[in-house]
Amino acid sequence: MIESRRKFLRALPAISAGVALAPAPAIGATGKGKQRWAMVVDVRKCIGCQACTVSCIMENAVPDNSFRTIVSTYEVQDGKQCGTYMLPRLCNHCEQPPCVPVCPVGATFQREDGVVVVDGERCVGCAYCVQACPYDARFINHDTGKADKCTFCAHRVDVGLLPACVETCVGGARVFGDLNDPHSEVRRLLDANEVKVLKPEMNTEPHVFYLGLDARFEGRVEGEASLWQPSHHGE
Ligand code: SF4
Ligand code: SF4
């Protein structure tokens, strides 16, 4: 692995400081189209190997020092107990995405299946959408000068394949599918479990849902940095 990529992976924990989580509202059939793609991440199964991060970089030609998905590693201290905690993160493909209306040229938009994408032909690289995303899920690609982010690997999904991060997840922590399909695994997981989303107070209606979050992590908000000691296990 080249040195710049090592530095990138070392930097991952710092990127994710200050994430608030809370139960997601009941999710019925969503999206404007026949399908509504979504992901469920079971953090109990994530071993922090970064296989997803690396496969995403390879699949999507993500430039150095940028990411479309990351796994942050934290050491959480609770009295005398100390534990390591993994949090995979990516674009939430929000139902109400604040990154979309701020785009002055209509380059970023939501497809009927819920996937939020960027039209590189129209994007002028102003970074308004980068500023508008509450999840730091976007960046300006320094190779192209355009906005960049996770697309749920739409180019793969459109031909019946899974997103690269899902296919390569060693622990089987990432489940992807159609929320509007009553037989899909994501639909079954949401119906059978209490899932959580990142920053629900932003009313963005994220469509990346989390299972198995440690109780010590829930409800933590920005500024409680003393609770979160980023470790450097990602290199
Ligand atoms: Fe937009 Fe950010 Fe939501 Fe993704 S996570 S849809 S980039 S607001
Ligand atoms: Fe739109 Fe591109 Fe500006 Fe983002 S960077 S707001 S996609 S023109």
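Note that Cβ sites are derived from N, Cα and C of the backbone, with glycine treated the same way.
Residues or ranges marked as signal peptide in TrEMBL: 1-28. Taken from TrEMBL, the feature domain '4Fe-4S ferredoxin-type' applies to 37-66, 114-143.
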For the domain '4Fe-4S ferredoxin-type' (114-143), the mean pLDDT of the predicted model: 97
Residue counts (helix, strand, coil, in that order) that DSSP gives for the domain '4Fe-4S ferredoxin-type' (37-66): 10 helix, 6 strand, 14 coil
Counts by DSSP class (helix H/G/I, strand E/B, coil) across the domain '4Fe-4S ferredoxin-type' (114-143): 5 helix, 5 strand, 20 coil
